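Engineer: Dumping the structure here so I can ask a few things about it.
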Amino acid sequence: MTRKYFGTDGVRGRVGDAPITPDFVMRLGHAAGKVLALGQKTSQGKPTVLIGKDTRISGYMLEAALEAGFTAAGVNVLLTGPLPTPGIAYLTRTLRLAAGVVISASHNPYYDNGIKFFSASGDKLPDDVESQIEAMVEEPMTCVHSDELGRARRIDDAAGRYIEFCKSTFPYEHDLHGLKIVVDCANGAAYHIAPHVFHELGAEVISIGNQPNGRNINAGYGATAPEKLIEAVKANGADLGLAFDGDADRLQVVDADGRLYNGDELLYLIVRDRQASGQRVEGAVGTLMTNMAVELALKRLGVSFVRAKVGDRYVLEELNRHHWQLGGEGSGHLLCLDRHTTGDGIVSALQVLAALRRSGKTLPQLLDGVSLFPQTLINVRVEKGFDWQNHAGLKAVRDRVEPELEGRGRVLIRASGTEPVVRVMVEAEQVETAERAAQELAAALRA
């Protein structure tokens, strides 16, 4: 079923343009209240949902719209103010609430925003539940009787509760004393959370990207723009740099030499540390874009590897299907289901730090078993509706190229979901091999 509003991570778009308007978001809150909450009345008679947000200026407007929609549906609302997305997942579960809602567009610029939902268990909603909400949005919005209206109030200790949870995922027998860490909060939801977590565990913390003004989220800072973090690590002689995105559900790491490590490498590191700690790791989940070197390295550790569609929600689905615990994406979404129900940048950083502390090794030493293959990506613009999957010339070139990689590389061809482009990606041990194969495949598409 094609969905009208929900994408891979909730409803998202440019603020002021449909669907990110106050009117639609109010109707969305009302619809979600009907679908998620009204079957879960509490001893007080009304279900309660939790609403958090990042630091975008539009968050005030959309928060008010959601509040109106939920309360009109007879649902009580708790407001946290700015809080990382995984913090909302955690509090929704531990406070025994009917649902959690996050107002954020993650790593996007400030003029975008979005709405995503968590179930009572702190999991992202499955596609079928989002489809139910979409169907309800199309129904006329009706307000419950005045006696049944919901109430709204702010929860004052949300940040403190979440900070303590994050710290609890770090091994008690270790601390961070003696480490100097630069923490880049992307001027986002972690600005008043992440520095405290690492400081309270003993680290010397240097914070950057921690002065949000409503319009500077992700602007030159954070996981999608690590240049300032690299500079700060070198300038301050820090041991490590940690970068989060606007809602702090993804992580990038920089070592003392300024080298950047992405989610693929960090997934391997966490798997290896779990094994070194005596934990059995049967398998891990990546995506179609996960570097093949990681897949091969995990197999050398005896760990099965499965690829999901791009998007952390699909990684989670595969983890649940196989009853595994560890997965992630190169973008820095890492799932450690033995620690949290969803991807969490701060918790992921603590798993990396735990590996460093337990092993006494550096990042390069812990990652000596994996060297990422060079990737070449070419975007080929095509006519709308172009049937690339049945393109005879492309098939002929692919049938010739793939055997030449000899199982030490791969070809991935897929259509963009947002523009008339076919993406051709080739991985190989040698950059020249990847570039040559990608050029040949792209030329076949253009012919």
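The count begins at 1 with the first shown residue.
Just so you know, glycine gets a Cβ as well, placed from its N, Cα and C.
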Engineer: Say Swiss-Prot lists Asp245, Asp247, Asp249 as binding Mg(2+): which of Ser106, Ser119, Ser121 is in the same site, per that record?
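Structural biologist: Within the candidate list, Swiss-Prot flags Ser106.
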Engineer: Across all chains shown, how many C-beta atoms besides its own are within 10 angstroms of the C-beta of Ser106 (active site, phosphoserine intermediate)?
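Structural biologist: Taking every protein chain into account, the count is 29.
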Engineer: Quick check: which same-chain residues outside Ser106, Asp245, Asp247, Asp249 lie with their CB within 8 A of the centre of the Mg(2+) site CB atoms?
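Structural biologist: Output for this site, in sequence order: Asp54, Pro84, Thr85, Ser104, His107, Gly188, Ala189, Phe244, Gly246, Ala248, Arg250, Gly345.
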